[in-house]
């Protein structure tokens with residue numbers, strides 16, 4: 001059976017529209033892109049066919065949607081036929097899942113998947129950004145990491161701490177891993193206060209874009225210096241007054257629902273069950289996302305503890321070495337006695353290091 005999308009009638013600033021709602025795949029990139037093409041005045045001149053399709057009924061099939069988007073892409077592009085064919089072959093992945101890698105300076109790794117959005121002249125943004133002004137020496141460097149490169153550094157640091165691998169820049173890897181782990185631990189919703197501020201400043205008024213967050217894609221709109229995401233959860237299908245959700249806080253605690261004209265919306269308890277999941281609230285992340293966040297927290301905690309233990313051991317050894325040097329000056333020790341004691345200490349230290357290594 002072909003997958004389909006349910007449509008919903010909304011009125012935005014006095015104009016009637018039909019938008020697409022989420023199906024079982026959740027807030028996918030295909031949905032966010034299609035709704036921008038439907039709503040954005042900058043794109044509607046190319047999307048008449050899509051608007052007609054959505055207005056046709058209460059549901060449209062995934063196959064029909066992809067075919068119409070392919071037709072639109074052929075209209076707007078000036079790329080050679082070979083290039084456009086390769087990009088169009090990626091269209092189904094907008095629904096299935098994309099390889100999107102956010103970088104902690106606010107950009108993305110330049111992948112083929114990102115080229116699809118450029119093809120439709122639609123911006124993709126995120127707010128998972130490190131504030132490089134707090135500690136310029138550390139955070140400026142960390143801001144050039146992406147999510148995937150951060151994961152590689154965390155794994156590499158774990159291997160170093162367990163003695164599995166060692167190289168000349170091990171200290172640098174361990175330092176970066178500790179700070180990256182703390183950053184991931186402090187931003188489990190993949191949005192930071194600094195990143196949210198940057199989005200408000202960067203995005204243009206009355207313009208649409210796609211917000212990437214927690215592997216989800218949302219239709220984002222800036223209206224009068226405030227950010228709003230289009231509400232596409234199927235649970236709100238019958239809530240005509242709920243069109244937008246403000247993006248005011250990192251954890252969703254200050255976010256609110258708004259009508260199509262951006263006035264406060266009233267939630268009817270009979271229409272909407274209180275346990276409906278909100279798209280990006282920390283308490284409503286998908287199960288696998290919660291597990292990933294907990295894994296990141298645990299890894300960050302272990303790395304921090306291991307780094308502290310390493311520093312403590314180094315300081316202890318330095319003090320012992322300093323004490324021995326002073327003892328040698330004031331009370332010389334016989335060579336054979338010193339050798340036996342040194343051998344015993346080295347053996348004990350070796351046994352202790354082996355017992356403390358935990359394979360992660």
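In case you wondered, yes, glycine gets a Cβ from its N, Cα and C as well.
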Annotated region 'Disordered' segment (source Swiss-Prot; candidates 273-316, 317-360): 317-360
Listed in sequence order, residues with CB under 8 A of residue 28 (active site, nucleophile) and six or more positions away: 22, 94, 95, 96, 97, 217
